[in-house]
Ligand code: ADP
Ligand code: MG
């Protein structure tokens, strides 16, 4: 029993040591420490990584604003932050595990303590048992030596063995209990081991995760490094390029600098001269106001002197000009006097459709190519030549005609009275010459236009007013064509101021300032004009139409006043009554016309032959134009003729009238005597039916001798030209 007990004890001791080694409390602690150290290391590594990451982020942030990797980087950073979060969680888990391990370690320590206690108890028990065993052995030995005693002792031993047996039983039960305890401890240990295994597993997992994160971090780091590398390369490349560019530029700048230096070197002398110039200019500028003042003073003096000189020369020139003007006027008057105050022009109209066709409409008038004052008329097979002051062929334009009369018109501005008559048979072109057409105006409109422009030209010194009156003489009655009552007969009266001037009370005067005004006046006059048709020409007029233009001027510097009158007269048709087949009132009309035309001829004759008495009062026409026909007045007779064969008789009459008017001027006294007689219209042609009518002149009745000499001269003329 003892042996087995001993063996059991040994066994138990071994078991205890095994358990102790197996328990591994220190191992777990070691393991935990290892883990903690590992943990610490990882933590530090992570910190370093974070620091690196921060550094990288800081580096990246600035230069990589527009970097294409920025987005990737952001993704990586997000990943990183997630990883960090996960690491954080893992760390928390680790802390939890640490705590658990701590708790378990504590519990393990407790268990160990209890185990130690139970082991100590066991040792004590063993000690006690072994002591009793020794005691028992000693007793046995003594008993052996003392058989009596031994027997007793055996008996005691036997007795005591029972006790030992009981104690053994107790010990066994105690051992049982302890074994149970050990079993329980083993269970606890197993559980703890399992727990440890689990925590190791989670740790391994965490480690794997950490490794993964690390790998991820590594990768991100690598990527980042790569990117940084690439960026670095780019940067280096850019720097290199910039550097090379800068070098080139630098070189150019150096070259420029060299050029500038040389320029500077060359400019220095220029600068010196410039400075010198500048200084001298400065001096000049300083002195300039004074110089200017002086120059101005002298210039002013010079200018005022020059002005004075100009003034005096102007005065002198004005004086000379006035003298010249008077001289010119004198010369002009002399010229006009030499040319004759009365001039006679002839104008031949072209053959028109109204002349019809055939021999009747043949042309009977020809001209002299070398002399524009001569024309030839083929009458009854004989060519008669006529010499006037000027002859206008059919192709002569209105303008050409006007050019010849414009000197007369302008003399009106100088204060002369002018009369322009259109004489001729009906249809010979009188109205065409005087009035013209709208597209091609005649003398009337052109004269007024010329007056306007002349007056405008003199406007600096003169004030002019131009007024217009229009009248007609029909059957020896004077009517105002511009008045309110055109049928009213006007009277010609002597001015009451005793000047001997005539005037027509009630004759309307319109002030005109423009061509439009004239056109209105003409239109107005036209409507009121009394016209009647004869069978010669339905447009012919049986009245004399007068346009009286008065030009009044005031020389502002001298106060001199001038008044000139321009009388433009479209006479009634000069055809003889017999030819027009008129009777009754037509005959009376014709007689009146005849009378007034004869009276006009008489007056012109008397004027040109400078007779003492001029029979102005023989007709309304001459009486009205008295002051425009006498004195310094100028007269133009435009004799209109038709070139048609059928009109040759009237053409002959008209041309004879014209030549007679003109021929008066040729005559010195003898001529005057020769042409002293002025026959009536009917006397102008020998074969006229009215040739027996008495002469229309009331004064200076011609002697028979004079008459015969006049007709002889006409005859002579006819013969020479025919
Ligand atoms: P009058 O007034 O002498 O009776 P007009 O002036 O009425 O004659 O002329 C008669 C016709 O002859 C008109 O149709 C006119 O246009 C025309 N006529 C007159 N003279 C000319 C001319 N020089 N050129 C063209 N046609 C003319
Ligand atoms: Mg007419």
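Numbering starts at 1 and runs along the chain as displayed.
Glycine residues also receive a Cβ, built from the backbone N, Cα and C atoms like all the rest.
Annotated range for coiled coil in TrEMBL, selecting from 189-241, 242-294: 189-241. A sphere of 10 angstroms centred on the C-beta of residue 429 (ATP binding site) encloses 22 other C-beta atoms.
Close contacts with ligand 1, defined as a Cβ under 6 Å from any of its atoms, occur at 428, 429 among the binding-site residues 425, 428, 429.
For the domain 'Kinesin motor' (341-664), the model gives a mean pLDDT of 86. Under DSSP, residue 428 (ATP binding site) is assigned to coil, being neither helix nor strand in the three-state scheme. With a cut-off of under 6 Å between the Cβ and any atom of ligand 2, the binding-site residues 424, 427, 428, 429, 430, 431 reduce to 430, 431.
Ranked by how many other Cβ atoms sit within 10 Å of their Cβ, the binding-site residues 424, 427 place 427 at the bottom.
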